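Participant: What follows is a single structure, and I will ask about it in a moment.
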Amino acid sequence: MSVQSAIRRRTAPDIRARKNGDPIVMLTSYHAHTAALVDRYCDVILVGDSLGNVMHGFETTVPVTLDMMILQGRAVMRGSQQALVVVDMPFGSYEASKEQAFHSAARLLKETLCGAVKLEGGVKMAETIAFLSARGIPVMGHVGLTPQSINTLGSFRAQGREEGTWQPIEDDARAVAEAGAFSMVIEAVAEPLARRITETVAIPTIGIGASPACDGQVLVLEDMLGLSPRAPKFVRRYGELGPMIEAAIEGYARDVRSRAFPGPEHVYAMKPKS
């Protein structure tokens, strides 16, 4: 048996069992190399549709396609061994009907070999979540700020910060949990509301701009590494790789133009005659 096959990958039931337990650590990844690094420390790797922003420069996640998610999901699965890999269902791949959602989710599982899918929406998507869950597809929910709805929302502002706005978000969270999701992301929601949802739903909550009381946390990898020029309020920078990478590229360009690179140690000499 190979070393890789001997390593047990985390599953959706493993994450479901972490409710009120040790905090769940989750980060995004879109490449095999970063997936290998993230895999060492994280319980869950999210192949997020945020790849549209990070990799392709889109202003929103709306243009992301199912084929794009499959391509990067495959890369992350090849680069990781231990973490549960969850792949986002992109806008337009699941909203039309339960059947459309099943066919899209089945493609994601079959073609990437990931362990679960994530979709946005609460009450309106509960029937779809139940349909998928009953057919062997683990679903991670996503409530609060739902970026795929940007054209309806108008902006990426935090939710539940005004009195009288909590009930719809609570209803969404409850509907997702009762429909059979194994966990849910709570994004950009007022801290007291995120805390209350975490205390009342039976499945783990994973916060992003939510509350330290959530059962876990997630960030976009490039945001926390300092690779994004701008980051939301809820991001803590754990590195400043952007300036480091720029300095390295500047040094490379300088050495090429001055012919300092390549040096003698970087080129191949002729083999001696026998």
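Note that Cβ sites are derived from N, Cα and C of the backbone, with glycine treated the same way.
Sharing the record's features from Swiss-Prot:
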{"type": "ACT_SITE", "residues": "E187", "note": "active site, proton acceptor"}
{"type": "BINDING", "residues": "D49, S50, D88, K118", "note": "3-methyl-2-oxobutanoate binding site"}
{"type": "BINDING", "residues": "D49, D88, E120", "note": "Mg(2+) binding site"}
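Tell me what's around each of these sites.
Facilitator: E187 (active site, proton acceptor) is surrounded by 24 other CB atoms, counting those within 10 A of its CB over all protein chains shown. In the three-state DSSP assignment, the secondary structure recorded for E187 (active site, proton acceptor) is strand.
Long-range neighbours of K118 (3-methyl-2-oxobutanoate binding site) (same chain, six or more residues apart, CB within less than 8 Å of its CB): L46, G48, V86, V87, D88, M89, V139, M140, G141, H142, V185.
DSSP classifies D88 (3-methyl-2-oxobutanoate binding site) as strand under the three-state reduction.
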Participant: Taking 10 A as the limit, how many CB atoms besides its own sit near the CB of D88 (3-methyl-2-oxobutanoate binding site)?
Facilitator: 27
Participant: Out of the binding-site residues D49, S50, E120, give me the one sitting nearest to E187 (active site, proton acceptor) by CA distance.
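Facilitator: Checked the binding-site residues D49, S50, E120; minimum Cα distance to E187 (active site, proton acceptor) goes to E120.
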Participant: Report, as a single number, how many Cβ atoms besides its own are within 10 Å of the Cβ of D49 (3-methyl-2-oxobutanoate binding site).
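Facilitator: The answer is 28.
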Participant: What's the CA-CA gap between E120 (Mg(2+) binding site) and S50 (3-methyl-2-oxobutanoate binding site) in angstrom, rounded?
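Facilitator: Counting only the Cα atoms, the answer is 13 Å.
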